[in-house]
Amino acid sequence: MALSRAQLSWPHGAAGSGESTRLLPQASRLVELPYSSSSDDDDGGSLAGDMDLPTAEQDPGVWCSGPPKPNTFSQCVRYLAFLWNLLFLLLGLLTLAVGVWGLLAKGSLGGERLAPLGSDPMLLFVLAGLGASTISLAGCLGALRSSRCLLRFFVGAVLAFAGLEVLGGLLLLAMRHRLRDALRDALLLCLLHYQEEPDLRFLVDEVQRSLRCCGLGSYRDWETNPYFNCSAPGAQACSVPASCCLDPWQNGTVANAQCAFGALRLGDAAAGTVVHLGGCMAQLGAWLRSQAGGIMASAAVLVLVEAAGVLMALKMLGDIVHVGARD
């Protein structure tokens, strides 16, 4: 409804005041009507459009900037971790190769020898080499590809291995008296199966030769062996291994395999001129006590090596999270 200028003006007098009172609601409705123009719409639309623009279009430098690159120290840690794990990967593969070669050389992998495979000492080399190779390979690939999954597996495996080492050390300290009896039983089994297992024969000969001893408590412990017993039908009856001899070398160059034949038929005095009379159990205990410092130092070095690998892996994980890398 259009109103003239005279109707909107305020008249003087009583008549004018009454008419203005009637026109007041209409004027208030006119004031409340929205007012818009094309120019304001254009300005508002352009302003809103400017406000909706992404930050990258307003500042091209923000769009082009990439994730921060790792510093020189982080790069050095990455390459050092790769070389560190590569070294242990090669050592693990070498240990695995030695174990497999030993099993193949003895025919333990054949169909008829699968039963005693679980008791073969060379199986320890295979398992140790396989475990070390797997963990080191994960560390190498994790450092090379900056893979969080492989690095986490490497850290978890090393920590689990370290936990087993600590647990084993605590068990050795807590059960050292029972361990002595278990070691005696193990050595007795080695004496009984001396001719049957080449690895056990090599181990027993090395212990007797290096510690200059024979048997467990004395040289007469070899009577428990079915081949060295005096009632045995073979040529080795009433004998002891050549590693028990005082001088197992003939003319200083060739080993005399028959130097201890018939030693069990002799008395202690006569046998003492041919073989060592004392047993290896006491000598082995004394040797272990003398090597306690070296064993502890070796264990400490191993822990430091594992700790260094874990710290380098954790540093790389922190750098990966910082730069926003993805597996």
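All residue numbers here begin at 1 and follow the chain in the order shown.
Glycine residues also receive a Cβ, built from the backbone N, Cα and C atoms like all the rest.
When the ranges 1-23, 24-46, 47-69 are checked against TrEMBL, the one recorded as region 'Disordered' is 1-23.
For the transmembrane segment (151-175), the list of distant contacts is 85, 131, 134-135, 138-139, 142-143, 299, 302-303, 306, 309-310, 313-314, 316-317, 320: same-chain residues at least six beyond its ends, Cβ to Cβ under 8 Å. Listed by sequence, the residues of this chain that lie at least six past the ends of the transmembrane segment (294-314) yet keep a Cβ under 8 A from its Cβ atoms are 77, 80-81, 84-85, 139, 142-143, 151, 154-155, 158-159, 161-162, 165, 169, 288.
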